[in-house]
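What follows is a set of notes on a single structure, which appears directly below.
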Amino acid sequence: IARKAVVFFEVEILDAKTKDKLCFLDKVGKVLPSFSLHWYPARQSIRLDPKGKSLKDEDVLQHLPVGTTATFYFRDLGAQISWVTVFLTEYAGPLLIYLMFYFRVPFIYAPKYDFTTSKHWVVHLACMCHSFHYVKRLLETLFVHRFSHGTMPLRNIFKNCTYYWGFAAWMAYYINHPLYTPPIYGEQQIRLALTVFLFCQIGNFSIHIALRNLRPPGSKTRKIPYPTKNPFTWIFLLVSCPNYTYELGSWLGFTLMTQCLPVAFFTLVGFIQMTVWAKGKHRSYLKEFRDYPTLRSPILPFIL
């Protein structure tokens, strides 16, 4: 029986910025071995091109466009922090901040309003919806989400917390303000908004469960998501990232419920950011899977 010849590589690692030689690896097999260049592995990025994408741990050298003598480039990704830590921090903040405004703790409004409650039932409903949303996010982070990357740059936690915490405070200040006025169309508008909010929250959770089931524990496997028996997942027929579609719907419902300008602005900014993420993921699906359904749009069916 003929045996395949074992191919070994000589690998040179250069600094992506200075092009200085950092190390030389001899007799490397199929994949790059684990090694440390002063930093822990999560902080290291090895690339074919100085400005290219990072190679994956499972990338096989024989499948890369390199010869038996290969040159790779090292880039320091900076201090890293786990995705779980970032998500828990950025979601716990809005939950607690909003409740501070809801209970009207001292130094927020005039002293005579300290620890008073609103006379409008929509204010209490809005607090329950906002709290439900972020408790759901915290529980999903702990028990549902499976992350393809274990860490992200440490600086992201400051950026993300500024965004989520800042908007939570801005929205909560006006919704719980003693001079807040309910929506113009009253109970009918509030009930419609609550229906939209709850429908989209269930839909968002259903998509997260469907995406979780696509990836076995501990793996980085990527598959095309398809509708399941759950009707909330049937939107996969038309959209690549329905979790963002439902998230947008939830905040539109919350905007309609509170009729508050800061909430509308938060919804708009969130929609713009989610559209960027959805387009990136949609392009990634098209590039990775040749049989990816062409009917799908990134976030809004037939529109965007």
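Backbone N, Cα and C atoms are what each Cβ position is placed from, and that goes for glycine too.
Look at TrEMBL and you will find 9-76 tagged as domain 'TECR-like N-terminal'.
Here the transmembrane segment (81-103) has long-range neighbours at 115, 123, 127, 130-131, 134-135, 137-138, 141-142, 145, 147, 149-154, 156-157, 160-161, 163-165, 167-169, 171-173, 175-176, meaning same-chain residues at least 6 beyond its ends whose C-beta is under 8 angstroms from one of its own. According to TrEMBL, the feature transmembrane segment maps to 81-103 (among others).
Among the features that TrEMBL reports, domain '3-oxo-5-alpha-steroid 4-dehydrogenase C-terminal' is placed at 151-304.
Taken from TrEMBL, the feature transmembrane segment applies to 162-180 (among others).
The annotation transmembrane segment is assigned in TrEMBL to 192-211 (among others).
Within its own chain, the transmembrane segment (232-254) is flanked in space by residues 126, 129-130, 133, 193-204, 206-208, 210-211, 225-226, 263, 266-267, 270-271, 274-275, 277-278, 281-282, 285, 293, 295-302, which lie at least six positions past its ends and keep a Cβ under 8 Å from the stretch. Taken from TrEMBL, the feature transmembrane segment applies to 232-254 (among others).
Sequence annotations record features per position, and here TrEMBL assigns transmembrane segment to 260-278 (among others).
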Which bits of the chain, at least 6 residues beyond where the transmembrane segment (192-211) starts or stops, bring a Cβ under 8 A of a Cβ in it? 125, 129, 132-133, 136, 140, 144-145, 183, 225, 228, 230, 232-233, 235-236, 242-243, 245-250, 252-257
